[in-house]
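If you check Swiss-Prot, you get these features:
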ACT_SITE  HIS718  active site, for 2'-5'-phosphodiesterase activity
ACT_SITE  THR720  active site, for 2'-5'-phosphodiesterase activity
ACT_SITE  HIS797  active site, for 2'-5'-phosphodiesterase activity
ACT_SITE  THR799  active site, for 2'-5'-phosphodiesterase activity
REGION    171-245  region 'N7-methyltransferase activity'
REGION    246-428  region '2'-O-methyltransferase activity'
REGION    429-555  region 'N7-methyltransferase activity'
REGION    693-835  region '2'-5'-phosphodiesterase activity'
Amino acid sequence: MKVLALRHSVAQVYADTQVYVHDDTKDSYENAFLISNLTTHNILYLNYSIKTLEILNKSGIAAIALQSLEELFTLIRCNFTYDYELDIIYLHDYSYYTNNEIRTDQHWITKTNIEEYLLPGWKLTYVGYNGSETRGHYNFSFKCQNAATDDDLIIEYIYSEALDFQNFMLKKIKERMTTSLPIARLSNRVFRDKLFPSLLKEHKNVVNVGPRNESMFTFLNYPTIKQFSNGAYLVKDTIKLKQERWLGKRISQFDIGQYKNMLNVLTAIYYYYNLYKSKPIIYMIGSAPSYWIYDVRHYSDFFFETWDPLDTPYSSIHHKELFFINDVKKLKDNSILYIDIRTDRGNADWKKWRKTVEEQTINNLDIAYEYLRTGKAKVCCVKMTAMDLELPISAKLLHHPTTEIRSEFYLLLDTWDLTNIRRFIPKGVLYSFINNIITENVFIQQPFKVKVLNDSYIVALYALSNDFNNRSEVIKLINNQKQSLITVRINNTFKDEPKVGFKNIYDWTFLPTDFDTKEAIITSYDGCLGLFGLSISLASKPTGNNHLFILSGTDKYYKLDQFANHTSISRRSHQIRFSESATSYSGYIFRDLSNNNFNLIGTNIENSVSGHVYNALIYYRYNYSFDLKRWIYLHSIDKVDIEGGKYYELAPIELIYACRSAKEFATLQDDLTVLRYSNEIENYINTVYSITYADDPNYFIGIQFRNIPYKYDVKIPHLTFGVLHISDNMVPDVIDILKIMKNELFKMDITTSYTYMLSDGIYVANVSGVLSTYFKIYNVFYKNQITFGQSRMFIPHITLSFNNMRTVRIETTKLQIKSIYLRKIKGDTVFDMVE
């Protein structure tokens, strides 16, 4: 959903669009709630309130004030992520395909021969980080840039088995135009760029679990963040490999040698960060022209010093000369050395060239060892070739994708490796490594042990659901880690599957009730965005690839009206209510009937079931940004800070009734997941509320009327307005509450319209108009620890006879209250009051 705010209406008609005019009779919160539950994708919000826009954005719903038709046309035709704190729109707009154009935010790609392999008549355009170079295209009242690029497709091609780039891109662009992409995939980089700076302002130690190549630029500015990944491939791991020969396989049609060099250096940088938590100087020997340096320096300020007879235009200092082992003394501490020396074969005889390459490999290794031998805080990445070698067993082997699989690989060394045991590795084993292993990640840090880190803030995005983690340990971590943002895959199945297949792995599935967190917010991706100054124009779809975002230790936990709130809670029910049942009251009708309340007169007004809880349960797949458990808990401890909106405090029994309705809904739908979720939420309600039932009552509150429009043969027909189980010394407390509630009780608009047989031999009249007051007085009794009400639903009625009688229907008739009293069952009236 996107909310586009306008001061005046527009003449154009847009598809999937609704107009909402600000209602001045309601406050900003109520207007925001009503907008959020509209069913179309685009909302044109007229006569808008700035406060309402703020509320929507904090809820993760993109809402922005527009000043021109051009702004409207741009935003209505695509999705976007909105930084509502800095007033920046990041478009996810692929309409540039209509210019026969693909886009990249990686400069090195523009220096390759990729355009030879594009679709006929197409071109490649560089747009800068997150589309920063496109800002000049939009002369708007807010900052705007198009963050959409095709880098994800280009990188996917590089790691795929496909060789024909044109066919690959054609297929992927067609998929992009027809298949639902997770919106989080498009906006994740914007999110990470907001998330980590804000965390580092508040927390000294930040730990990040499971970073992937998509984040390889994001963390360059944060050397102190400790990364956990899948670990490195070590020299000692080659013992598992069988010997092989040279394979010679082309990976990419266009030259990706620069990409390989960039990944090697980035791997070395993050390895250095892990050891020393600071930025290094970067020395590079060979690898000219290294256009990728532009990309790295565009993201973060690094000092590069390079040696190569060829130009390296983006280096800080370039020496247009060869580098020899005697030059190592020129290199400073606190640095990285990247050695990428290899002579081109040219027309040389193969055997002669092979001998040269092996000599250069030994020379490269000597330079690396000499560099690491003295000084401190050093890491070296050196180019190697498959040959018989003695190597430190703890050295890291790298084989990032390059244009062709031939005989090269890279060795990552630190000063400790220099002193470690060396092992003879045959050439055939190294060929086996080259032929079969691709380094898929620039982050090669050790795996995360799933345990609490008391002195750190843990970020684990899309990293802990894998079934190689122990599920109970993941739950234990989330329950006990005081400060964290952790995601787990939500259980979107209908058969309550404990794990689901995803790509080539299995993931555990979770529901919010699997966790027993303390002061944690459990929400969706869009709900989480709102907590960090972002909102998005499209909520996550229930694809099966959805995650719960669990934030522990946030200072926003008690801000119930601002973050992870109840906006959009009824949107799904509004979208489907006109399908088979063809009535806007279908949800109300089902909820009442499923709790054996058959009086449906005024069912949309007299609610006996919490609609919030009911919708949050049965449609949790469509809106889990609303943190239901937090909402229940804060109500149970009376710490709900209501900032606005139409607020009605629910009695705990109304929450229970909602769970029962949801369970019946789940049974009818054969939805085992909703069934379990509803049961567990009901158990949770019973845990946080101390609900007691007057199923064996000894007192009741009665209401006597001046007029009863039916025949009756009981002595005094009355409405039993609830039963109590109390000791005699609690009677004064009950009387005090009745006195406090007197005005509200006598103001009830009570009506009746028919009679019916409640059961065999019990003839009653229906009563409408009392439920809201009943639940209010229930809450007052509950807070005073007085047992009021039974476990079954309260069905208001007046007993007319203890004989079977014919039912009667009359015009709706108002009942005038004569008196309200408290009486002991099978005893005397102990209190009576009149208006």
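Glycine too: its Cβ is placed from the backbone N, Cα and C atoms.
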Neighbourhood of HIS797 (active site, for 2'-5'-phosphodiesterase activity), C-beta criterion under 8 angstroms, separation at least six: LEU719, LEU758, VAL764, ALA765, ASN766, VAL767
Counts by DSSP class (helix H/G/I, strand E/B, coil) across the region '2'-5'-phosphodiesterase activity' (693-835): 31 helix, 56 strand, 56 coil
Residue distribution over DSSP helix, strand and coil in the region 'N7-methyltransferase activity' (171-245): 41 helix, 9 strand, 25 coil
Helix, strand and coil totals (DSSP H, G, I; E, B; other) for the region 'N7-methyltransferase activity' (429-555): 28 helix, 34 strand, 65 coil
Around the Cβ of THR720 (active site, for 2'-5'-phosphodiesterase activity), the count of other Cβ atoms that are within 10 Å: 17
Rounded distance in angstrom between the Cα atoms of HIS718 (active site, for 2'-5'-phosphodiesterase activity) and THR799 (active site, for 2'-5'-phosphodiesterase activity): 7
Length of the line joining the Cα atoms of THR720 (active site, for 2'-5'-phosphodiesterase activity) and THR799 (active site, for 2'-5'-phosphodiesterase activity), in Å: 9
Residue among active-site residues HIS718, THR799 with least C-beta crowding, 10 angstrom cut-off: THR799
